[in-house]
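Residues or ranges marked as transmembrane segment in TrEMBL: 20-49, 126-150, 170-188, 200-219. Summarising the annotation, TrEMBL assigns domain 'G-protein coupled receptors family 1 profile' to 39-96, 106-217.
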Amino acid sequence: TTHKGNVTTFFFLEFTNMAIYNLLLFTLVLIIYIVTICGNCLIIVLIYYSKTLHSPMYFFLSQLSISDIMLTTDIAPNMLNIVLHERTSISYVEFCGPNVIDYLFCDFNPLVELSCSDASTVQMEITLLCIPVLILPFLVIVVSYIYIVLTILKISSFSGRLKSFSTCSSHLTVVFLFYGTLIAAYLIPKEGQSQTISKIMSLLYTVFTPFVNPLIYSLRNKEIKDNLKILYINKRRFI
């Protein structure tokens, strides 16, 4: 809707116009969201109550879980609402003309594309901000893992090297998945890029990455698994 030439409401489009596909997507995202919240909450509680896990590494893992909960909760509920209900809307004044966002949530790029004014300056600011927010942390992580790999190569035991490489490869997969999709979303020009691909990439860094983080970084850890067993045994005793 418009008022005196200005847009007051934005409408969101789903992946497709077919209700069955939107229902399947809703179910999938809902299951992933529930598992994400439960898994990360379990890690936070376990680290808080298990004295053997009171170390800097597990403190940062608990902060990662908190960040994942905040990220997915900021996006997933609104995404579920948009997928389930056709033409879900939000109110917004500072715009005119087209008011349909072909996206799953109110992300920056699809919103700016609807602006009637010249958005090149804002786009340039976002690109420059990507350097300290995305590029530099990504480079620091990559350099850190290069040093880790060099250290692993010094391990004399083949089985020890294999186990360490297995752990590092899973970590790097999540890192590249998260930062790769973010860089593709905010740095790569959008001309000719499929809108469906953009939506899939947004699902990867807002929903899928918080879902796999606890599986990769925490639940595969031996100390975490040992404490989960202790927690389970203690719970059985009180039942």
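Glycine too: its Cβ is placed from the backbone N, Cα and C atoms.
The helix, strand and coil residue counts that DSSP assigns across the domain 'G-protein coupled receptors family 1 profile' (39-96) are 43 helix, 7 strand, 8 coil.
Counting residues of the domain 'G-protein coupled receptors family 1 profile' (106-217) by DSSP class, helix then strand then coil, yields 90 helix, 0 strand, 22 coil.
Model confidence over the domain 'G-protein coupled receptors family 1 profile' (106-217) is summarised by a mean pLDDT of 81.
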